[in-house]
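Feature annotations, reproduced from TrEMBL:
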BINDING   107-114, 172-176, 226-229  GTP binding site
DOMAIN    98-279  domain 'Tr-type G'
Amino acid sequence: MSYIELHWMYEVFFIGSLDGLWRMLTVPPRHTARCLHLWMWKHPVCTLHRHLSGRRWTGGILGGRGRLLQTLYPAYLSQVTPYSSKKERIDMSEYNVEYIRNFSIIAHVDHGKSTLADRLLEITGCIPKAASNKQVLDKLQVERERGITVKAQTASLFYTYQGKKYLLNLIDTPGHVDFSYEVSRSLSACQGVLLVVDANEGIQAQTVANFYLAFEAQLSIIPVINKIDLKNADPERVEKQIEKMFDIPASDCIRISAKLGTNVERVLEEVVTRLPPPKIEEGSPFKALLFDSTFDHYRGVIASVALFGGEVCKGNKIVLAHSGKCYEVNEVGILTPEEVPAEKLYAGQVGYLTAGMKDVQEAQIGDTVHLLKQPVEPLPGFKPAKPMVFAGMFPVDQSEYSNLKGALEKLTLNDSSVSVSRDSSAALGAGWRLGFLGLLHLEVFNQRLEQEYNASVIMTSPTVPYKAVLSSPKLIKEYGEEEITIVNPSEFPDKSLVKEYLEPMILGTIISPDEYLSKIMSLCQTRRAEQKSFLYIDEHRIMMKYLFPLNEVVVDFYDNLKSLSSGYASFDYEDAGYQAADLVKMDILLNGRAVEELVTIAHREKAYGVGKAICERLRDAIPRQLFEIAVQASIGSRVIARETMEGTSQGR
């Protein structure tokens, strides 16, 4: 609201100036609730202004003698509802469980999930139809900048079908492999999914992965073929792929264009007719699954819950099964996608609740919520997220340590898949060792720290978690176990102390046009990969499965794959355990002194290439000094690569 509007409101509400209200209502309204409500008074006040023009007016128009408005124009005032800052609460009791559908939208990256969600919100009246409606559910700045969904978002849609009112709870999920944990969490609150496939690109790697996530969760699956408006769209080919890969009849597929809104109404009809209502126990006490949470600086933890029994309202005493702590509910409601408070939430519904949880560790994702003195059997919850990439994080200035700690705690509540442990460095000071689901996850987390908390950090080179089987009884006693996990390369034990080293493996899925087959196979061979399967999913597209060492994939494999396939190949992976490997610890020396932050773990066969590349990059990155600097890579006492930086005085 502008300064001029504030001045006019001051005249109207506090000085009682009719002219102030007149001036306020003779300019276009701003998009704020108070201004819009005052704009509704324009017609009666304009008439009153003409009626009273030339008269002396001293009374306040909205208080005291301001009852004159009500006396002169009671009909107008009966039609206008004055603004109230108190939120109106909706009654959710009219939505019986058989009229509730909970579903997610799942797809590969950039296949149109968020665009479809926008059209569904428009059709059901949650948002007005406008050309500016793009990625409405993607609320984070990083999501809008990158054009990807990072965090699953919930929205409740009200839809009337054949004269009956339905409550449709939609969850829009990420499409990138690094955020598959968000997808698996979202599916736990659903009974069905919309599997969106691009009519031009067809089935991709993450499409396959998301299908099996939904299939294993025994959810109903509705295939939706999107982007049929594209020039090169081939929905018939995609229908054959879906039938061959997923054994879903082509007649079950829905062809739509989410961008133009073509046939999107049918998607809602199919959700109502083909997806089952939630399964609940009649007469059971309140039981809910906490499947997501966000942090608000004023209200604390806002928990997203799916109710599997009973009901909950403001004032109820609730208990989290994992921690055993008790809280009083401050507010319950639904997301449309904005927060709308409700009187109560009932079994089968999905919504949010706040209960004054201020400690970020209190709201454990996957926890079961129940009423005080009414314990229930905990719900299965989720498998804990398994970090695939680790990196050190340190504040640029150690005086910012406490601020960065608070920012980390709040951000990890919103992203529970990040693991955090304390770390320290002789060069960088006190910091943390963070575990992420992938390299994109690391980049997005770092970007959110900068954008949402204005935090500047130093990130070390990403590494993967290795394991070592100890041979020394002294070390086994010290660690308390024979097999240890190493997330910091500087703590890598010497070969004389271990029986064997183990490196993490992944099962990678590559889908690509067959014309790039030889290039992709050559790339996989250079990454120490072992082929497991090979399949044609149609006349021109192939699906290959390879067993990769995670270390060979995590940094630049995806970029190289996209480059050599002209962007057509897609890649997805899943954890495949650990495998014995001949690993070495490689130190980087500057003028004979080892730098702890640059320690690297590599396979013995590739140690020289890795060491040579690091030395060359450091030679180009380190500013030139007055003296010569020797950059060396060494394994134990043996130097395997060296680059020399000449001093500025020598270069003259």
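Backbone N, Cα and C atoms are what each Cβ position is placed from, and that goes for glycine too.
The least crowded of the binding-site residues Lys113, His176, judged by other CB atoms within 10 A of its own CB, is His176. Summarising model confidence by region, the domain 'Tr-type G' (98-279) averages a pLDDT of 87. Most Cβ neighbours within 10 Å among the binding-site residues Ala107, Ile228: this distinction goes to Ala107. Around Asp110 (GTP binding site), the same-chain residues at least 6 positions away in sequence with a Cβ under 8 Å from its Cβ are Gly147, Ile148, Gly175, Asp198.
Here the Cβ of Thr173 (GTP binding site) has 27 other Cβ atoms within 10 Å, regardless of which shown protein chain they belong to.
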